[in-house]
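Here is what TrEMBL says about this protein:
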type     : residues                                                                : note
BINDING  : 10-11, 42-43, 74-75, 185-186, 289-294, Ser352, 436-439, Lys459, 464-465 : substrate binding site
ACT_SITE : Cys73                                                                   : active site, proton donor/acceptor
ACT_SITE : Cys184                                                                  : active site, proton donor/acceptor
BINDING  : Asp322, Asp351                                                          : Mg(2+) binding site
ACT_SITE : Asp351                                                                  : active site, proton acceptor
Amino acid sequence: MNKQPIGFIDSGVGGLTVVKEALHQLPAESSVYLGDQARLPYGPRPAEQVQAFTWQMVNFLLKKHIKMLVIACNTATAAALPLIKANLDIPVIGVIKPGSRAALKATQTGHIGIIATEGTVKSGAYVKALRAKAPKIRLTSLAAPKFVSLVESNEAHSPIAKRVVADTLQPLLHEDIDTLILGCTHYPILRPLIQNVMGDQVTLIDSGAETVNDVSMLLDYFDLANNSGDTPTHEYYTTGAPSMFDELGEAWLELTAPMHAKHVNIEGEADHAMATVPEAKGKTIVVASKNQGKIKEFKTMFEPAGITVKSLADFSSVPTVDETGTTFEENARQKADQYAKDLQLPVIADDSGLMVDALDGQPGIRSARYAGDGHNDAANNAKLLAALADVPEDDRTATFHTTLVLAKPDHPEADLVVHGDVSGLITAIPRGTDGFGYDPFFFVPALGKTMAEMTAEEKNQISHRGNAMRALEDVWQTWLEANG
Ligand SMILES: O=c1nc[nH]c2c1ncn2[C@H]1C[C@H](O)[C@@H](COP(=O)(O)OP(=O)(O)OP(=O)(O)O)O1
Ligand SMILES: [Mg+2]
């Protein structure tokens, strides 16, 4: 789960056709949009220049901490997608492959038309993408260079637009194409005119809208979707005049509130890949644990800050540290100090457990070994249920506790130590399938759920581990930085 925005770039307002579909299909996602209207159109420009301009847009959006980049412009996708993809460590999506896929799905006759800017047509990107999947497919490409300026000058509904669209598409009418790819994200704004000229028998493919299917799938695949429940935010930037952008944007996105795009100058941005992108990149912390449930939770907490999280699973030869202490803190310190020494890396250790009031605080520091040595959540849970069999619902109060110790190699005196708790009730029947350990039995009244019924984010918001991390606030980042 990730609340950061998705970034969209285009030469102008065309990419808003992709945003429109994203608002519809992915209403929980935040977005940041940049249109390079000052340097539009991109279509007639040499590929090297489109690459340089695209990098400037990308470098601007990276500072907005985007979690994914959509190149919502066919010309930029054709010129720069592989380059940008190879240099960023966030998912990067172009509009050409999704459009091609949808066209192959739609065609019955096996003859597809493509209208696009000169740059896109010249690149052969659609032909390549379509032939890679269907070598024998018949393709007819046509450059429609005037369409972009019609849209950008807000002429899409004028009689001039009607004439230009009819004249431009003339050569396609003698072809027996049954599917036409709108290979520029500006073109869907002219869709009714294009459909009218081509006739109802021709299926129009909106490359940008198709792209949102890929965005949606990749959010799931990389576990990046925003399921925080927070209201999403949408920011719009243009290198041109915001008033024009707002007018076109509000109409196209059918916004009820004013748009307020901001003007930006991106000419000072690097026109190539930056050596270092997000801050804190390259910082690594080792979760000194073998418990996959804990490791996953720490990843959710650290990774949005650009920290690489490793665990003992990545260092199979490191000797196991026994928990011989009599308190959570002693155990957490033992684990943190020894693993930091052995690995010569900064580590975070967690010693945690469940304290049930009706059992005088048991199983406590023995939570992992409650039903005997070895880690067996099922046996531990079974023993807990048996121990509470005669305890009425209201008396089944309990507390989860954690002590976290962050240790630097060979400097135990500099350890950071924090504690966190959460109270709840032990249920008589397990509920939910997420989480780990005692989660299916730990009911949190405030949320009306057991911890195994919560998303990772929900659990972090209220859990002992989340509370302990919050107690460290920004300190841990400075601490980690100082580790070199
Ligand atoms: O959020 C939690 N949700 C459910 N159960 C939890 C949680 N937090 C701790 N627990 C349970 C698991 C284990 O039975 C014991 C911790 O024992 P503890 O020694 O700290 O961890 P562990 O042996 O599983 O892994 P390791 O020592 O490698 O970090 O408390
Ligand atoms: Mg343990």
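Yeah, the Cβs are placed from backbone N, Cα and C, and that goes for glycine too.
Locations of recorded TrEMBL features on the structure.
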| residue | record | DSSP (3 states) |
| --- | --- | --- |
| Asp10 | substrate binding site | strand |
| Gly43 | substrate binding site | coil |
| Cys184 | active site, proton donor/acceptor | coil |
| Lys290 | substrate binding site | coil |
| Asp322 | Mg(2+) binding site | coil |
| Asp351 | Mg(2+) binding site | strand |
| Phe436 | substrate binding site | coil |
| Arg465 | substrate binding site | helix |
Minimum Cα separation from Arg465 (substrate binding site), reported as the residue among recorded positions Cys73, Cys184, Asp322, Asp351 that achieves it: Asp351
Recorded positions near ligand 1 among Cys73, Cys184, Thr185, Asp322, Asp351, Asp439 (Cβ under 6 Å): Asp351, Asp439
C-alpha spacing of Cys73 (active site, proton donor/acceptor) relative to Gly43 (substrate binding site), in angstrom: 10
Spatial separation of Cys73 (active site, proton donor/acceptor) from Thr185 (substrate binding site) - C-alpha basis, Å: 6
Cα within 10 Å of Cys184 (active site, proton donor/acceptor) - qualifying recorded positions among Cys73, Lys290, Asp439: Cys73
Asp439 (substrate binding site) versus recorded positions Cys73, Asp322, Asp351 - nearest by Cα: Asp351
For Asp439 (substrate binding site), the number of other Cβ atoms found within 10 Å of its own Cβ: 23
Alpha-carbon spacing, Cys73 (active site, proton donor/acceptor) to Gly293 (substrate binding site), which is rounded to whole Å: 41
Spatial separation of Asp351 (Mg(2+) binding site) from Asp10 (substrate binding site) - C-alpha basis, Å: 49
Euclidean distance between Cα atoms of Asp351 (Mg(2+) binding site) and Lys290 (substrate binding site), Å: 12
Lys290, Arg465 as binding-site residues, winner by CB count within 10 A: Arg465
Rounded Cα-Cα span from Asp351 (Mg(2+) binding site) to Phe436 (substrate binding site), Å: 15
Conformational class of Cys73 (active site, proton donor/acceptor) under the three-state DSSP mapping: coil
Close in space, distant in sequence - Gly293 (substrate binding site), Cβ under 8 Å, 6 or more apart: Gly435, Phe436, Gly437, Asp439
